[in-house]
Amino acid sequence: MKIAVIGTGYVGLVTGTCLAETGNDVICVDIVEEKVNKMKNGELPIYEPGLDVLFDRNIEQNRLKFTTNLAEAIEDAQIIFLALPTPPGGDGRADLSYVLGAAKDIASLVKDYKVVVTKSTVPVGTADKVKAVFKENTLVEVDVVSNPEFLREGVAVDDFMKPDRVVVGTRSENAKKLMEELYAPYVRSGNPIIFMDERSSELTKYAANSFLATKITFMNEVANLCELVGADVDMVRKGVGSDDRIGKRFLFPGIGYGGSCFPKDVQALALSSEEYNYDFRILKAVMDVNQSQKLKIVEKMMNYYKGDVKGKKFALWGLAFKPETDDIREAPALYIIDELIKAGAEIVAYDPEGMENVRKLKGDALAFADNQYQALEGADALIIATEWQVFRNPDFKQMEEKLKAKVVFDGRNLYDLHRMIDLGFYYNSIGRAEVNTKQA
Ligand code: UDX
């Protein structure tokens, strides 16, 4: 099939590349000429494991192309994906100007029937707004379809190639047929393509992300309670998650959810509910708890250092909001950095992918190390904020030698408590006993 993808951000690039991989002709459009030229030369502007191989292969096979020319891109396309940003506006609501602007541009150019798909996460009612733009600006028949993405950063290629489900919101038989054909290769293992109306599809995305954010937040509260009652959250998590109705995934407590989706989507759903005079109370509690959870580590440190960290030096392992990405949007590490610097501490950070982005954002406010052990040199303690694999089984001997004190605050529960007891580290994690407190 012939596909155009408007917007070459994270979602657009993953979508375009993965659609080309099953043999479609894909052309991606962006207004930034420099970016388009780089992509034409095979330069992938984002970091996403596994994407580069598919990207190179499909460019080489001429199935994946790039242009700044919208007219050229949509001329032969049967399906046009809108993968444009919908950043929160000043009032916290999703800003639809890019999506509606692109719809207007497309409307002025279309000559024959097209299916236009909104791929960006958009508030309920957006498909209707896009439809209205086409109605006002062209006489050509256009079907507007909602097809939310459920990609997780770090495993986006896998999520796209083998989705748990594909949600398609449309009431047009034509559009349904085309979308079914397009997604058939991705659901061969029997996972469903679920067709529904546009509004239900738009709400599905928000409900899914908000539910997952709620699940994590609930577990974070259970973890906080575990610390008070002397229970171990690892055990509680296993006990609870073994119930099929609850499930094992997304029950890992930590220092709060971050990233480009959960925080934005939970807030957007709460705000849209308000528009319909519905007070979605549980979401407000989720946002509130998550905000304080991000600072849980700092709270623990303040307790340990009796409220004074002035002049102390801390090593920080992990900046990205989660492993296998350089994305630092709403990363708990950023909140930890701000608080500790405000309290007069010094920070030396290491992250396998996220350092460049933090450097751009925070400049000289903190220092960066070349590797995880260098960050420890002369530090009063180690803080762990992201569960990168390389942090899971470190050289504890080197840690002991480099750190000034054997003190670890772990926001991701990476180490076994018994091991830490044996190794003699003061170790404070989330929802588990504090060990080797005598060290303190
Ligand atoms: C999420 C959704 O999973 C995806 O379906 C949607 O399309 C976009 O938003 P992503 O933001 O890439 O994907 O990351 P995800 O792996 O879902 O993690 C989100 C946040 O939750 C991270 O900050 C992560 O650390 C946190 N998390 C996740 C936990 O704290 N505990 C868990 O058990 C799982």
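Glycine is no exception: its Cβ is also placed from the backbone N, Cα and C atoms.
According to TrEMBL:
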type: ACT_SITE; residues: CYS261; note: active site, nucleophile
type: BINDING; residues: ASP30, LYS35, THR86, THR121, GLU153, LYS264, ARG329; note: NAD(+) binding site
type: BINDING; residues: PHE150, LEU151, ARG152, GLU153, LYS205, PHE250, LEU251, PHE252, PRO253, GLY254, GLY258, LYS322; note: substrate binding site
type: DOMAIN; residues: 315-417; note: domain 'UDP-glucose/GDP-mannose dehydrogenase C-terminal'
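With the fewest other Cβ atoms inside 10 Å of its Cβ, the least crowded of the binding-site residues PRO253, GLY258 in this structure is GLY258. Fewest other C-beta atoms within 10 Å: among the binding-site residues LYS264, ARG329, that description fits ARG329. Checking the binding-site residues ASP30, LYS35, THR86, GLU153, ARG329 for a CB within less than 6 Å of any atom of ligand 1 leaves GLU153, listed in sequence order. Among ASP30, LYS35, THR86, THR121, GLU153, LYS264, ARG329, the residues given in the record as binding NAD(+), the maximal Cα to Cα distance rounds to 26 Å. With LYS264 (NAD(+) binding site) as the anchor, the candidate binding-site residues are PHE150, ARG152, LYS205, PRO253, and the one with the nearest CA is LYS205. Of the candidate recorded positions, ASP30, LYS35, THR86, THR121, CYS261, the one lying closest to LYS205 (substrate binding site) when CA atoms are compared is THR121.
ARG329 (NAD(+) binding site) has CYS261 nearby among the recorded positions PHE150, ARG152, LEU251, PRO253, CYS261, counting only those with a Cα within 10 angstroms of its own Cα. DSSP classifies LYS264 (NAD(+) binding site) as helix under the three-state reduction.
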